[in-house]
Amino acid sequence: MQAFVNRLWYPKGFLDTQSKGLFLLLKIIQLLLLPLSLLFAAITALRRSLFKIGIKKQSRLPVPVIVVGNITVGGSGKTPTVIYLVELLRRHGYQPGVISRGYGVNFEGVRSVLPSMAARDVGDEPAMIVGRTGVPMVIGRNRIDAGEHLLTHFNVDVIISDDGLQHYALGRDIELLILDGDRRFGNGSLLPAGPLREGLWRVKKVDAVVVNGGQSIEGEHAMSLVPSALKPVTHSNEQPPALNDAVVAIAGIGNPQRFFTSLINAGFNLNGVKAFEDHQAYCEEELTELCGDLPIIMTEKDAVKCRDFAKQNWWYLPVDAKLSSNFDRLILDKLKR
């Protein structure tokens with residue numbers, strides 16, 4: 001199902017492989033869904049307008065808030081961007097904290113994220129962010145409550161709201177829109193005919209557009225994800241696989257093909273690949289059956305969910321976001337205002 005949706009939403013990535021019949025079918029489906037997309041567009045625009053004119057209340061926290069988000073469904077590089085911001089702010093004397101929804105975790109109220117907590121209790125992305133940086137972090141459906149809890153229990157002077165672009169109840173000082181440079185805005189339609197959560201007009205309202213890979217255009221900030229050495233998912237005495245060794249690659253992220261392509265470009269010998277749903281909950285039996293005795297290479301986001309049952313020949317590939325000094329100055333200058 002997800003593969004079919006990707007062909008509908010991101011047709012440019014499949015032009016070389018799909019038949020004329022399939023292309024026509026996708027166009028018909030898109031046209032049939034357009035009335036629902038128009039309704040969705042009206043609802044989202046009305047909702048934002050209600051906050052803008054004050055009918056719906058927007059609450060501000062007593063510290064600057066940086067919102068990191070996107071207007072497309074699926075992965076774009078928000079988590080590496082959040083980690084980059086945490087490290088940037090710390091280098092310049094700030095004490096950042098992070099708030100997030102905690103996707104896939106059902107609980108009431110808010111919850112502090114600690115490095116010792118399992119991904120199933122806080123969400124894979126919060127577990128990854130805190131595991132990498134140790135930053136104070138609170139998750140909760142209500143971002144205002146999460147922010148207030150963060151300020152009450154931790155020494156924080158700037159808050160990063162992960163995936164918070166559409167959470168208009170929380171006031172913000174800086175808005176960052178993260179965009180997959182290969183997929184960009186897909187077919188340009190709103191849900192369900194396309195991948196957009198909001199119209200393209202939203203791009204002009206943010207403080208900066210960060211483009212992850214692909215081609216950026218004038219006014220956008222190019223970001224690259226730089227891989228480092230393989231790391232074991234759990235404690236291991238084994239050596240990581242060499243480039244000519246056969247491995248199996250898995251990814252449960254918004255754009256798994258980007259990860260597989262990065263491994264191929266790095267020279268790894270992929271004996272098999274398996275793309276899972278974003279935020280996939282893994283089990284030992286499934287992955288063991290998939291790879292047999294071969295090493296597995298996965299993303300860091302996947303690794304935080306596999307540590308309790310990982311084999312010694314399971315590895316993950318850390319990546320670090322790289323942005324320009326112009327982007328750094330933009331963030332720091334806006335915080336000083």
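Cβ coordinates come from backbone N, Cα and C, glycine included.
In the three-state DSSP scheme, Gly77 (ATP binding site) is classed as coil. Annotation comment: Swiss-Prot describes Thr72, Val73, Gly74, Gly75, Ser76, Gly77, Lys78, Thr79 as ATP binding site.
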Q) Near Thr79 (ATP binding site), how many other Cβ atoms are within 10 Å of its Cβ? A) 26
(Q) For a quick check of understanding: among the binding-site residues Gly74, Gly75, Gly77, which residue's Cβ has the most other Cβ atoms within 10 Å? (A) Gly77
**Q.** Non-site residues, in chain order, whose CB comes within 8 A of the mean position of the CB atoms of Thr72, Val73, Gly74, Gly75, Ser76, Gly77, Lys78, Thr79 at ATP
**A.** Asn70, Ile178, Asp180, Gly254, Asn255
**Q.** Cβ neighbour count (within 10 Å, all chains shown) around Val73 (ATP binding site)
**A.** 17
Q. Between Ser76, Lys78, which of the binding-site residues has the fewest other CB atoms within 10 angstroms in the structure shown?
A. Lys78
